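The structure appears below as structure tokens.
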Amino acid sequence: MLPYGFLSYGGPMAHIGMLEQTFVEKLKWISPQQFSELFALCQSFPGPTSTQMIIALGSMATQSALGGMLAFAIFAVPAATVLLIAGLVFRYIMNLEQQENFEMPEHVGYALQGFQSAAIAIVAQAAWKLGYKANQQPIHLMIIFLSAAIYLLFSYSVTMFILMGAGCFFNIFLEKDLKKKNNTQLLDEQTSQEQNNDIIREGRPPFGKISLIVFVCTLLFLILANLLISVEQVQYSAKFFYLGSIIVGGGHVILPLMLQNFQAYGLVDTIYWNGFSIVSALPGPLFNISIYVGAIIDGVRGAILGWVFLFAPAFMMIWGILPFWDRYRNKQTIQKGLRGVSCVSIGFILSAVYSLYVSAGEQDQTTTTLIAIGSYVALHVYECRAPLVILCGGILMVCRQVVLVQYRGLPSN
């Protein structure tokens, strides 16, 4: 597991590929059927998919919660450390700008704008991959685009809940049943389920009902505390936990929701998307952006609280569900409902693409568009690494501004 914290570039799908190569093909700790089902399970429930996969595999390998926590720490801590430093630096710069006539060097600003422009392609690619996989029927495509359009028009928390509920409801009733599996497929599925029964026993704390009860009690307590206690730390901790409890469909879903929920605490669009550019260029989970946002809001204390409370639901959820794995898979109605919620989540990612494009292209829409398109081609067609694409975006934006200012005599702003 040790290399994952330093080499896991490329987003959730790349992480899953690395895990399959290590645990299925090399170590053979888990069968291909079990791995596929575990991936489907983590995709269907709240939490970052690749992170929950790592927690589950670590817990299964050691038959203990400690193994899951250690696997997570190895995966997430290296990049989280960099993001903590970045968040503190940007917080310091924001304070300087408010107290003094401080301005960020022009070339640094242009580089950050280029990073944002390239990051558009990363979010767009995530939306494409998830949408391509989820779009099995016309109803799925309709849910994805309607959710994106409605959320862009009405960007409120209540809108998010309404869309998720509506997506679940309509998909249950409008999605056509898939063709019945033949006897061989059913036999393979039954064998796979028999293998799953002994993966994690429910009676072992904190697995099974214990974890789910702790999750529900923590969520209710934080919701009440947020309403009754006017302490900033309690309020933003509750928001982080709440976001971690509702995100279905991958880490990119959180992008528009986190920006909307923390603008009241001084989180600025440009600073936020700069953080996304940084986290995209680093290994590890996208949810690590929580430590950056927390640092912007409340320094080191905010970074630690944000990181812990955003990831906590992922632990509780996967530990709670693992013992009931085989029962969950047999419920067709649950499967349909979760697919509907997943389609809504993809719609949220599409809305994040638009929001990031508007933020990055505020000063130079033409260059932002060209860099975003070029970055997408580099990612999707030539399969370039995300850090390289983001770095090139920053360099291109700086080069263009140097040419405009120094060689064509245009104003620097």
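Backbone N, Cα and C define each Cβ position, glycine as well.
According to TrEMBL, the protein carries these features:
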- 69-90: transmembrane segment (TRANSMEM)
- 110-128: transmembrane segment (TRANSMEM)
- 140-173: transmembrane segment (TRANSMEM)
- 210-229: transmembrane segment (TRANSMEM)
- 241-259: transmembrane segment (TRANSMEM)
- 271-297: transmembrane segment (TRANSMEM)
- 303-325: transmembrane segment (TRANSMEM)
- 337-357: transmembrane segment (TRANSMEM)
Stretch among 241-259, 303-325, 337-357 sharing the most Cβ pairs under 8 Å with the transmembrane segment (271-297): 303-325
Intrachain residues whose Cβ lies under 8 Å of the transmembrane segment (140-173), provided they are six or more past its termini: 131, 134, 246, 248, 256-257, 260-261, 333, 336-341, 343-348, 350-351, 354-355
Same-chain residue ranges lying at least 6 outside the transmembrane segment (241-259) that approach it to Cβ under 8 Å: 11-12, 43-51, 123, 126-127, 130, 151, 155, 157, 160-161, 164, 215, 218-219, 222-223, 267, 269, 272, 276, 285-287, 289-290, 293, 309-314, 338, 341-342, 345-346, 348-349, 351-352, 355-356
Outside the transmembrane segment (210-229), six or more residues from its ends: residues with CB under 8 Å to it: 235, 237-239, 241-242, 245, 312-313, 315-317, 319-321
Of 69-90, 110-128, 303-325, whichever stretch has the most CB pairs under 8 A to the transmembrane segment (337-357): 110-128
Outside the transmembrane segment (303-325), six or more residues from its ends: residues with CB under 8 Å to it: 37-38, 41-42, 45-48, 51-52, 55-56, 59-60, 65, 68-69, 72, 76, 80, 84, 87-88, 193, 196, 199-202, 206-212, 214-215, 218-219, 233, 236-238, 240-241, 243-245, 287-288, 290-295, 297
Intrachain neighbours beyond the transmembrane segment (69-90), with Cβ under 8 angstroms and 6 or more residues off its ends: 1-2, 4-6, 8, 51, 54-55, 57-59, 271, 274-275, 278-279, 282-285, 287-289, 291-296, 299-300, 303, 307, 311, 315
